[in-house]
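See below for the structure under consideration.
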2 protein chains.
Amino acid sequence: MSLDPAIAARLKRTLNGLIPAIVQQHDTGEVLMLAWMDDEALSRTLTTGRATYWSRSRQDYWVKGQTSGHRQWVKEVRLDCDGDALLVKVDQEGAACHTGDRTCFDADLLS
Amino acid sequence: MSLDPAIAARLKRTLNGLIPAIVQQHDTGEVLMLAWMDDEALSRTLTTGRATYWSRSRQDYWVKGQTSGHRQWVKEVRLDCDGDALLVKVDQEGAACHTGDRTCFDADLLS
């Protein structure tokens, strides 16, 4: 699966070929998590409608919810003005965070 | 200005010492932009209440709105479960994007 060249040409990737993807619940506006995509993960996300990321720790693709069941159904994907960040609006099943929290930002408020 | 060591110990930075910061309008939930912080930028953000980032292109600190007037007043800052992403909830004056759009994600919907 390869990414649409017209999209690929607009992406500005980090040195390791990745782009940060902000994941947001489409209706409530909650920011659920931040993940990373390479071109292949973005292509899979756009074509399958299931949010797919690149896991930096496992160095492999990761279809969100494939093991946990906490799937993310993609509503839309947006690229920012500089081409170096993605906003992925999803419908999140259950908890987005592996800790069981609804979002990965629930637990740690800095003061 | 130095960052609280208890916070600094929880951060997992990229190879260039930065952490991606998702910037969200605190009341509407709009995702405004993605920016980057190092320890110093985070410390300044927490202590001054004005969102302050590290500009990778200019290699300098950047107080959002200092030249444009489109300031970001910080309501809260959250660290994610892995310590490698920040969520900065702000009250945005005017447009967040340098293009004049309200958010940096308004213009480019991928299909």
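Just so you know, glycine gets a Cβ as well, placed from its N, Cα and C.
For reference, TrEMBL has these:
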BINDING   B:ASP80, B:ASP82, B:ASP84  Mg(2+) binding site
BINDING   B:CYS81, B:CYS97, B:CYS104  Zn(2+) binding site
DOMAIN    B:33-105  domain 'Phosphoribosyl-AMP cyclohydrolase'
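Taking Cβ-Cβ distances under 8 Å and a sequence separation of 6 or more, the neighbours of B:ASP82 (Mg(2+) binding site) in its chain are B:LYS12. Around the Cβ of B:CYS104 (Zn(2+) binding site), 26 further Cβ atoms fall within 10 Å across all displayed protein chains. The Cβ of B:ASP80 (Mg(2+) binding site) has B:LEU86, B:LEU87 as same-chain neighbours under 8 Å, each 6 or more residues away in sequence. On the backbone, the CA of B:ASP84 (Mg(2+) binding site) and the CA of B:CYS104 (Zn(2+) binding site) stand 22 Å apart.
Taken as a whole, the domain 'Phosphoribosyl-AMP cyclohydrolase' (B:33-105) shows an average pLDDT of 97 in this prediction. Summarised by DSSP class, the composition of the domain 'Phosphoribosyl-AMP cyclohydrolase' (B:33-105) is 10 helix, 29 strand, 34 coil.
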